[in-house]
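Have a look at the structure below, then the notes.
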Ligand code: PEP
Ligand code: MG
């Protein structure tokens, strides 16, 4: 029989997939002797069975729970529901991969009309007892019965109003007793039954509620955003409660062993005296910094500091630790690897290598390649920012710079994004329901909350700019305005926020590229030492090429020459060329284009120095370049000296039913050889000219859309004829390569034939995916979302390489190509070349390089290092 419940003393940190991250860590902390309140964990397996609708689950679980409860009661010397010495427990979710705040928690379970008296007597604090009781009824009703919180909050507000109180702490025991009665009435009215007084019934209902919170909408969104599988299920931790709110010798807090925003190796955290855990996380009261605990309770502080060191040593990573002090006794409630900004992640990883705690390989594997993306993005321009009006200052909760229109709720942000706007989400404080809006916003600004508030933690995890606790802004969410002094900012007005210094500015501020130095450079150097795969870039202009070189690109893997044709000066000449009726007229237009193309290539060669440059000849269907508006047609007709009617007729003739599968790529060269010949001439003349200046170039000329070796041989001959002649005439020695894209499935299938002729292959996985799946690149967006939602496709295959299908074509293409030509050079230049899992695949099938857009170059470098290290470690 499967076992569903484990005491903390029975587990270890290795049992994460069964006990969830939190359960495994609680077990591990108990095992190494830390002061952890006792408890047990219900496994993720039980949750999975719950979703499988296993009918025996509840009988079996009940038996195990009874046994574990009495064991816990024995250990604690307290009994659940007892009127003298009652045990109270918390019931918390704990997924295998942490999903902070996404699922539900119930605290103070076990309270009823008898045990509340027991708690009052045991703690000598009747107020605490009834305060806990009313919190429990509200939480249980909300989480397990989905009774909206406002029902309860309105009672609380009414009592506070009647009594003229400002804070909850002013409520007296009598007030709280009255509130408990009112809460129970709400429960009865909403559910039709009495609030359950049997603690076992409370427990079973709570466990069920936590299981179902695995599938609440915000948890699902979080999993989608973070690529967490939906079938893992959550564990449930049942732990004896300790109280941070018994008075001024108690408190609760959260601390990180290092600064989660910068990575600085210094304890970083906050606590609140006389409070429960949720008060810190919810950000409703402003906490004190952890060092201040030293003034209030020096012994507890020094014990806590020792434990934080021990935990970091033990887990060899920065820890996020929740603690509670009950009457001067310290308890550790939870530890986990702390969420951190990408900058902090790199700094911590590099520091930990330097401190001798982890290896370089560990450090590299700790950084998810996609995370470094946020380091590569811009900051505010220094001059513009110095001239901007600082409106307010809050806590610098998550670095980065964002400008956008102000919106006051998550739905409005989502809507504004779908209208193509950039926005900043401004809230009193955020809660897990805001997750989608936070994802869609450029940045987040909250009036309340500390550095560990929901907004701060989630924004850091998303790598999104955030300012929290900006108390000087007064938000009126109903009127959709906020004010600072006499300045009013309305919905739709622009503001800018700097999550690095906490400053809020009026208006939009331009941004500049980031500088990558310090730990980032060290870290990327280690990644470069570890990888085998080379990383090139897809760049069509010297500027993009330069950006990519700054990011570490080792060459250009794809220069799409068609982008050079769209320049406003050139497009008329390109149109003349396309619409020419005779070879003579076309050659005339091509002659005008030649010097421009030559200059383009010279620019690119110079930007790349001696690095490899692959230039692809013209690919798209010609009609893409043609005028579509009457005004343009008129102008062109005049300049070509033909009638508008005739021109329109020519344009119509060039229209295709299915241009993606039509007259494009090398097919253009079969019908109009002179176009590729002009381009080949431009490339070779450009290369010869820079070679004469001493630059060591070796151009790689790439033919698109090849499907048969005969096509390839035909087009290659056009190129080599011109190229060899030019080189011979110049007297300069110049090597060049001619290769092909492999982007038509037939090319992959006959790569043995093509490989005999081609000097390199570059897998064009955009078209290969299009043609392999039969999904139009232009239309698939309309239905792929449904495919993902319905689980028919796990990921959009245009973003993440379909390794099982399209990947097989790539693998076969590599193997056949290499068999035919052991010297063949293999790369990829589809969008997948910058997507980490696809890059790892490229490593495994033995490509020589990946090529991706400039901003993804560092991501690809890191992904390539991951691939090499995982291979070495047999992971
Ligand atoms: C490809 O098809 O993968 C490719 C890189 O070419 P393009 O996207 O220009 O069609
Ligand atoms: Mg293509």
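Placement of Cβ uses the backbone N, Cα and C atoms for every residue, glycine included.
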TrEMBL substrate site partner of 616, 743, 764, 765, 766, 767, selected from 536, 560, 681, 844: 560
Message: Of the ranges 27-54, 55-82, which one does TrEMBL flag as coiled coil?
response: 55-82
Message: Please list the DSSP helix, strand and coil residue counts for the domain 'PEP-utilising enzyme mobile' (421-502).
response: 18 helix, 29 strand, 35 coil
Statement: Taking 454, 616, 743, 766, 767 as the recorded positions, the residues having C-beta under 6 A from ligand 1 are 743, 766, 767
- prompt: Relative to the Cβ position of residue 767 (substrate binding site), how many further Cβ atoms are located within 10 Å?
  reply: 24
- request: Across all the protein chains here, work out how many other Cβ atoms are within 10 Å of the Cβ of residue 764 (substrate binding site).
  value: 28
- prompt: Could you give the mean pLDDT over the domain 'PEP-utilising enzyme mobile' (421-502), rounded to a whole number?
  reply: 88
- prompt: Residue counts in helix (H, G, I), strand (E, B) and coil for the domain 'Pyruvate phosphate dikinase AMP/ATP-binding' (302-353), per DSSP?
  reply: 26 helix, 17 strand, 9 coil
Contacting recorded positions for ligand 2, chosen from 454, 560, 616, 765, 829 when the Cβ sits under 6 angstroms of any of its atoms: none
- request: If we count other C-beta atoms within 10 Å, could you say which of the recorded positions 454, 616 has the fewest?
  value: 454
